[in-house]
Amino acid sequence: MSLSKNSVPRPLPYGWAFPLLVAAVLVIVPLAALGQYDQRQLILIGIYTLVVSGLNLSLGYGGELALGQVAMFAAGAYVTGILAQHGVTELTVAVLAGMVAAAVVGLISGAAGLRLSRWSLAIVSFFLVLLIPVVITMTEGVTGGLLGLSGISGPTLLGIPVGFTGFYVTALMVALIWLVLMRNLVLSRHGVSFRVMRESPALASSLGLPTYRLRMRVYVLGSVPAGAAGAIYAYLNGFISPDAFNLNLGITILAASVVGGSNSIYGAFAGAALLVLGPLQASGFELYSTVVYGIFLIVVGVLFRGGLAELFRILWAWVLRRLGRSRQDEQHDTPVAAVGSGASGGLRIPGQRIRTRGLSRSFGGIRALDEVDFVAEPGTITAVIGPNGAGKTTLLNAISGFVRPEAGEIEVGDTTVSGLSPYQVARSGVSRTFQTPVIPEDMTVREIAESGRLWVRGPGTLATMLRLPSAWRIRRQDHLAGQQALEFAGLTGIADRTAGKLPLGVRRLLEVVRAVAAAPGVILLDEPAAGLDEDGLAELSRLMLRARDAGATVVIVEHNVRFVFDLAEKICVMRLGRMIAAGTPEEVASDPEVISSYLGARASTLLERSVPES
Ligand SMILES: Nc1ncnc2c1ncn2[C@@H]1O[C@H](COP(=O)(O)OP(=O)(O)OP(=O)(O)O)[C@@H](O)[C@H]1O
């Protein structure tokens, strides 16, 4: 199994140097070189960078179809306007109040939109934008209604009146500080959990993440910068009315996000710059904006899905390669056949016994589980086999909380987990893989290994954004655990490769590595051998034997009976939802019911073992 050479370039080596350079160029140089009109344009770019980056966070990183950024923007602007009307002109207060107002709008609309499918948030947030003029009209006494709110001027900063230059510096600093905070967030384990969630809510749950709370967090966080942007906008314009917060602006912001690169931090700036220097310049653009942006979205969607940020990354990687500085190149040629050479490195996994009693579950008229008793012990590999539709996957789903049994009990160690949701079961020490590997394509092998530890309680969002010591501590621990799991599997040589480009066999192994990194008591593997060639099977069995030797309780559902008989100490056979046999390979291979209903003539050949070295 060798790796192809067309791997995606490594992300930019984000460091402090890049944001600082941008800060210097954007804030200081224009002060000396540009007139007030151009500086005003730059403030507008800063404002829309905030709005678009919030959308990047929720849509690009979190996968939430949050179309209501304009409503959060309006909330920030109106709170600022109302405060100014009441004599509160302090900019810091306005920005903070704008952020809180946007977060409240996010919480309320999120509570309504995030309960159901992803589309329900899109619909709720879309209507949120349509509701803006309605709400403003209804609250005419405070908001000025359709005529708008004027006289928002003379802001102060820490009690001192700020002139245009002071306002310019403050506005751009707010945008830059937010970009740095957002960068800290998306590069942290929070960012990894958002991307895992975007890839698959089921995967997120299986890694111990509560999906509703996670979706709410990314959506509300994405709202917050739009509120700050609204506050700055209100002071820049001195006047706000519902006309400024219409659906066209919503579409324009969405297009700016996609064109800049939704899945990026600095792409928001590129998108915002295009928006301000292009469409918002032209009066009369409103009329055609939907058509123009529709075409834009199609072109970007077809030609370069990562937007301008992706183009920039490719260019940057090319420059680094020319300079001979790309580690990616070194990894191109690292064969994955190194898997077998990993050392268990003293990794210990405290296994837990898993036991089900009388587990039953029906789907319509089909009895998928019929009073199933099942036991798997620590430090052993237990296989579940049986014909298609026997109930094997349903058993794994029931143990891991994805399917609720109608009757029966499930114990992990001494804890009863029946009735718990998947993320709670994961937190009690059960890791699982899926029939089709679920590997977020844009994550590196290292990030995927580290994501196994997401169930471990980490620092809060604010501590992460501010990179407090607690965030560093957990980052180091995640890194060590990920590294150990990669060494365990012999995958350190490709640690910085992007997972999406890896062959199926390596992705399957990576799923097992992710499960191992979680150091769970129980590892459930759903058809891990499907589609693997001989080399892949050998690597997989070595990895499983190492996990077993490290102490884990390994349970495998598998159709490849040859593989199972070579590997497992205990084999359970299911048929039509019932457990028809359980015992050693020898016992199962000589069971008349198993032979007649499943194994047939091959039963006699299955006991000639060819177990690889662990
Ligand atoms: N969510 C569901 N809704 C309806 N029927 C289901 C559902 N999940 C499983 N079933 C049914 O339950 C039975 C057992 O399915 P299950 O996937 O557990 O079998 P399996 O032994 O894993 O089969 P395979 O080896 O083909 O994956 C099948 O008849 C299947 O169609």
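Keep in mind that glycine also has a Cβ here, set from the backbone N, Cα and C atoms.
What TrEMBL annotates here:
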type     : residues : note
TRANSMEM : 12-35    : transmembrane segment
TRANSMEM : 41-59    : transmembrane segment
TRANSMEM : 91-112   : transmembrane segment
TRANSMEM : 119-138  : transmembrane segment
TRANSMEM : 158-181  : transmembrane segment
TRANSMEM : 218-236  : transmembrane segment
TRANSMEM : 248-278  : transmembrane segment
TRANSMEM : 290-319  : transmembrane segment
DOMAIN   : 354-601  : domain 'ABC transporter'
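Beyond its flanks by at least six residues, the transmembrane segment (41-59) meets 26, 30, 34, 65-66, 69-70, 72-73, 167-168, 171-172, 174-176, 178-179, 182, 185-186, 194, 218-219, 221-226, 228-229, 232-233, 236, 253-254, 256-257, 260-265, 267-269, 271-273, 275-277, 280 of its own chain at Cβ-Cβ distances under 8 Å. With a cut-off of 8 Å between Cβ atoms, the residues of this chain six or more beyond the transmembrane segment (119-138) that come close are 64-68, 70-71, 74, 78, 105, 109-110, 112-113, 144-146, 215, 219, 242, 245-247, 250. Mean per-residue pLDDT, taken over the domain 'ABC transporter' (354-601), amounts to 90.
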